[in-house]
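In what follows, a structure is listed as structure tokens, so that the remarks can point back to it.
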Amino acid sequence: MSRALICSLALLAMLVISGTYASPAANAEALAAANAEASAAANAEPLAAANAEPLAAANAEPLAAANADPIAAANAEPSAAANAEPLAAANAEPSAGPSPLAAAQDPPVVKMKG
């Protein structure tokens, strides 16, 4: 045997013993497993995000609207009515009768007999 062949076989034996060299079948299996895990993770995360966001939005908006509307309506309606009616009454009542300023400026006319 030639010296180069013996060195090559010795090097190959050392690599196999140390575990650095693996057969092509073992390499292919490891690559397939690594690719499958990476593909599953890469596909699962975007799918989970794509499904979760529309569901969260679809559930949150009607709940928020259903909870907010009655509260806002319950608070706004009495306040509007409570504020509008006294203001309207306060504005309408003084203008219904004679102005106190007009009465103070125009003293009553007194006719003298004689």
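Each Cβ is built from the backbone N, Cα and C atoms, and glycine gets one as well.
Keep in mind that this is a model prediction, so the values were computed, not measured.
Annotation source Swiss-Prot lists signal peptide at 1-22, citing sequence analysis.
The feature repeat '1' is assigned by Swiss-Prot to 22-29.
Summarising the annotation, Swiss-Prot assigns region '9 X 8 AA approximate tandem repeats of [AP]-[ILS]-[AP]-A-A-N-A-[DE]' to 22-93 and lists a curator's inference as the type of evidence.
What Swiss-Prot lists as repeat '2' is 30-37. For the repeat '2' (30-37), the mean pLDDT of the prediction comes to 78.
Here Swiss-Prot flags 38-45 as repeat '3'.
What Swiss-Prot lists as repeat '4' is 46-53, and the listing cites a curator's inference.
If you look up Swiss-Prot, you'll see 54-61 marked as repeat '5', on the strength of a curator's inference.
Per Swiss-Prot, the feature repeat '6' maps to 62-69.
For 70-77, the entry in Swiss-Prot reads repeat '7'.
The feature repeat '8' is assigned by Swiss-Prot to 78-85, with a curator's inference given as support.
Swiss-Prot lists 82-114 with the feature region 'Disordered'.
What Swiss-Prot records for 82-96 is compositional bias 'Low complexity'.
The repeat '9' annotation in Swiss-Prot covers 86-93 and is backed by a curator's inference.
The pyrrolidone carboxylic acid annotation in Swiss-Prot covers Q105 and rests on experimental evidence.
Annotation comment: Swiss-Prot describes K113 as lysine amide. In this view, K113 (lysine amide) is surrounded by 3 other Cβ atoms within 10 Å of its Cβ, with every protein chain counted.
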